[in-house]
Amino acid sequence: MSYSVLEALRNSPDVVRKVLTARRMDASLVDKFLELDEKWRRLKKEVDELRHEYNKLSKEGAKAPPERRREIADKARELAARLERAEKELEETERAREEVLWSFPNLIHESVPICPEGVDSIPVRHWGVVKTTKDVVDKLDKGVDYLVVEKAPVGHADMAEVVLKMADTLKAGEVAGSRFYYLFDDLVWLDFALAMYALDYLAQKGFRPVIPPYMLKYDLIRRVLDFDTFKDAIYKIDGEDLYLIATAEHGIAAYLYKRELLEEELPQLYVGWSPCFRKEAGAGSRDIKGIFRVHIFHKVEQFVFSLPEDSWKWHEEITKNTEELIRGLGLPYRVVNICAHDLGAPAAKKYDIEVWYPSQGMYRELASCSNVTDWQSYRLGIRVTRKGMKREYVHTLNCTGLATTRTITAILENFQREDGAVEIPKVLRQYLEPIKAAPKDYILPKAAKSP
């Protein structure tokens, strides 16, 4: 049983150097690890030999005649002192070695593009007809189907707050700060309908619905994400050993912490719903208007625990699931393969699914689908026992089902009418029908009510 990054470091260090270079990281980290690993292996051998010698001497002392026992006891004390020093040095070296090992990102799949400066992803496929103004046509990806319109539609922020009057970020800013919001009336029902649509669809695909804990202890949160990079992006509960999750993925991954599984127990498929809490510390002034990029949003998430040999099949499958959900809504989208330098540390490969925003004349990220291979399971100690008692780390994968809050913004832009009404995608109507107060076909502008 071996962690793939550790195995590559020991057997193919040049491969890891290439990965770090492709990710635009310092490749000298490999040499730092190999030096510590060599020291650790030398000390491990020394400790094992000293223990063997000490045990042998102890047995010899028990059988020795009285006149030799003092001599053997003196040797045993000397050996015990040497063993204690060696064990302490081994422990310190192991801790330093593990710290460096944990700082390595995942290896990358051969299909991950290595991109030049200024390019973060490569389009893979497109679906749907994008509505665009003439000035944007030349900027579209090659082969995209488009329909030229006279003027760009109203942006999602103004649609929600000015036209429909069903969101209020100004008041939320007063009471909570920027990137918070109040959502009202039909947009609330739309959020719930989107969640039910995604949960229902994925449950029918065999995914087990779950609402995970919204907080995790430090020892778990550091195992499920690249904590050193993202510690400033997630919320910590003051005075508590707890962090708010940034996605349901975190809580679901932790569910099988330290579990030993049998082959027949895999795959395990989960579809989680949760609020997601993010500081958006690096966002600056980007997307400051509306509810596109906020501190709290709702999301349905796919998560898979897989046999190692099946994970790439599952990566394509969960990406396809999300495409089908977005296609069902009728939103034009593209799938892009994320370049090596833009991959998060856990991912061996990641697709983003980006939906067309006609007011901006561009595609924007709506979902991400990653194969994390054994990067997460190594840290969480989740293994599978194979036939012949061979043990391996399972592979984990995650993929957005629907980020419902952001999906609302895409619906507001793509399905608005001249009179300010917004057509509700047909697939959502069955989830709205049982609710008497909910809209059924259209979301109509409504006069704002005074607080």
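Glycine residues also receive a Cβ, built from the backbone N, Cα and C atoms like all the rest.
GLU249 (L-serine binding site) carries a helical DSSP state (H, G or I). Within 10 Å of the Cβ of GLU249 (L-serine binding site) there are 30 other Cβ atoms, across all protein chains. Here Swiss-Prot flags THR247, ALA248, GLU249, GLU301, THR400 as L-serine binding site, drawing on sequence analysis.
Residues or ranges marked as ATP binding site in Swiss-Prot (evidence: sequence analysis): ARG278, LYS279, GLU280, VAL294, GLU365, LEU366, ALA367, SER368. Taking a C-beta cut-off of under 8 Å and a sequence gap of six or more, ARG278 (ATP binding site) has these contacts in its own chain: ALA233, ILE234, TYR235, ALA246, HIS295, ILE296.
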Taking Cα atoms as reference points, which of the binding-site residues LYS279, VAL294, ALA367 is nearest to GLU249 (L-serine binding site)?
ALA367
Within 10 Å of each Cβ, count the other Cβ atoms, then let me know which of the binding-site residues ALA248, VAL294, LEU366, ALA367 comes out lowest.
VAL294
Which one of these binding-site residues, GLU280, GLU301, has the sparsest Cβ neighbourhood, judged by other Cβ atoms within 10 angstroms?
GLU280
With DSSP assignments reduced to helix, strand and coil, which class does ARG278 (ATP binding site) get?
coil
CA-CA, which of the binding-site residues ALA248, GLU301, THR400 lies nearest LYS279 (ATP binding site)?
ALA248
Position of peak Cβ density within 10 Å, selected from the binding-site residues THR247, LYS279, SER368, THR400:
THR400
